[in-house]
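Colleague: Below you'll find the structure I mean.
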Amino acid sequence: PSAVLVLLCGSAAAVVVWKWLSKRQIEKKMEEARKTRDEGVKKMAKIVQQFREQIPSVQTDAILSLPLLELAGRLQEGSLSPRTVLYTYLEKALEVTQQTNCLRHFIPECEEQLQKVEQQKEKGLLYGIPVSIKDHIGHKGHLLTCGLVHCLGTPVQDDSVLVKVLKKQGAIPFAMTNVPQTLFCYDCSNPIFGKTLNPFNHQKSSGGSSGGEGALIAAGGSILGIGSDSGGSIRLPSSFCGLCGLKPTAQRLSVDICSHPTPVSCALGPMARDVDSLALCMKALLCQEMFQLDPTVPPMPFNEEVYSSSAPLRVGYYDTDGYFPLPPCMRRAVQETRVALQAAGHQLVPFSPPRIHYVMNELFLKTFFADGGRAWLDVFTGGIVDPCLKPQVIYCKIPRLGKKLLALILKPLQFLLKLKNVAMISTCRSVKEMWNHHHQIEVYRTEFISRWRELQLDVVLCPVLGPAFTTGYPGKLLTAISSTMLYNVLNFPAGVVPVSTVTEADEEELKLYQGCCGDPWDQVLKKAVAGAVGLPVAVQCVALPWQEELCLRLMKEVETLSREK
């Protein structure tokens with residue numbers, strides 16, 4: 001007995017020591033990653049300081065205030081140099097990231113790209129434009145971390161297609177921006193590089209998963225950024241930070257990033273301060289270089305005629321999808337925009353998206369958690385889970401039998417109690433069931449397009465989640481993003497445009513907000529958006545697949561009308 005006791009005690013001690021060593025190794029990897037980032041920041045600060053000493057007369061504020069189209073024109077004509085513009089934005093990005101923690105890493109190779117750009121005989125559409133890119137968009141020599149410890153090993157061996165095309169068009173990628181862990185949260189936080197804050201209010205989130213891009217561009221540290229979107233990851237940061245952002249149809253732009261194949265695809269797209277900037281970026285990217293490097297991208301150049309058209313549009317609209325009622329200010333934004341569009345000569349038609357509860361609970365969440373979340377849980381191996389993801393991780397760790405029982409018990413009560421995470425604990429039980437799930441998504445797309453066609457719509461105006469949540473709340477309200485998730489399931493191009501700000505009257509009306517049932521989820525949403533006076537309020541514009549130019553056309557019209565107002 002004593003020998004057995006000694007053996008058990010020894011085994012327990014060994015387990016404790018092993019766990020301690022594993023944790024220490026994880027912490028060491030994270031410390032090294034942060035040290036590398038901090039050293040890069042110091043090096044870039046030194047380079048910028050040297051430039052300022054060489055050319056002290058640079059009018060920084062004047063350069064930073066230029067819209068992208070005007071800046072591009074000045075660079076093309078030679079009245080501004082790519083060198084001056086790059087170092088001006090590097091200096092501003094250093095300032096912004098100190099305030100918001102929006103950068104994951106500077107790209108030191110931007111100086112090499114600058115030299116190549118200066119020697120280019122043919123100036124591309126983005127000649128000399130500094131561009132920031134999201135953490136998981138491949139740039140040679142840099143990591144794609146997604147906020148995960150196990151991704152801190154091997155740098156990318158080659159530029160992604162999108163980065164190659166940017167460089168071909170004369171752009172200078174200069175920074176990689178922070179993201180939430182696994183990209184599956186709209187609070188921009190991970191245990192390696194920390195939390196990114198909203199530049200307008202540091203108590204608020206910058207959104208996610210392209211939250212680093214949102215904060216950097218909104219605060220003036222970048223004039224053009226590239227994000228990705230598989231559930232709202234371009235549109236939510238754009239809404240929270242007062243930017244314009246476009247989620248194109250998946251595969252309109254090359255997407256050579258690692259992800260599990262699903263019927264709801266990820267799309268890369270631009271983020272900027274105005275709609276014309278998005279249009280210029282799309283025009284630059286949709287070129288022969290893109291089509292040659294990635295033959296899976298349809299060879300469809302940007303249609304300037306559609307974007308520049310002034311013909312009246314037939315616009316469908318709704319201010320709630322009936323699934324997760326949004327705060328009063330977001331519904332106000334849709335109604336005010338509807339009135340402005342109607343006064344401008346466009347035809348507005350009430351539209352109601354079909355079966356949103358079914359889309360959210362069965363189609364979207366079940367797409368990502370078809371295996372009960374096992375593949376997703378695997379990426380946390382040898383790492384630490386960020387607090388914003390812990391509720392989802394807890395759901396996914398429920399044993400398979402427990403998930404089946406819970407799904408069986410809770411499904412009849414799902415609508416009544418608004419148990420919006422039932423789909424996360426429900427799984428596809430067979431390959432046949434998974435194929436049927438894929439088929440149901442296609443059936444729904446057909447149904448949605450049929451309703452669109454019946455009303456003879458050109459585009460749709462609808463709400464987007466906002467205003468910016470207080471940090472920590474997005475992880476508690478995963479399915480509050482039904483307004484954006486819908487158009488990922490449908491694979492429609494969708495963009496966000498800021499049209500207003502939260503007023504004192506909105507804040508007073510929020511006190512009366514009951515949501516759907518006045519239940520705990522509605523109360524959490526109410527707390528999440530409180531204290532947002534002065535923060536941006538946006539709307540969402542949508543078109544049918546492959547009609548990005550038409551989507552941008554509506555966005556431009558909305559932007560023009562809101563600025564006139």
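From the backbone N, Cα and C atoms, a Cβ is placed for every residue, glycine too.
Automatic prediction, not curation, is the source of TrEMBL annotations.
Because the structure is a prediction, the values reported are computed rather than measured.
Below, the features straight out of TrEMBL:
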- Lys134: active site, charge relay system (ACT_SITE)
- Ser209: active site, charge relay system (ACT_SITE)
- Ser233: active site, acyl-ester intermediate (ACT_SITE)
- 85-552: domain 'Amidase' (DOMAIN)
Colleague: Calculate the distance in Å between the alpha carbons (Cα) of Ser233 (active site, acyl-ester intermediate) and Ser209 (active site, charge relay system), and round it to a whole number.
Modeller: 5
Colleague: Count the Cβ atoms, other than its own, that fall within 10 Å of the Cβ of Ser209 (active site, charge relay system), considering every protein chain shown.
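Modeller: That number is 33.
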Colleague: Along the domain 'Amidase' (85-552), what average pLDDT does this model show?
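Modeller: It averages 92.
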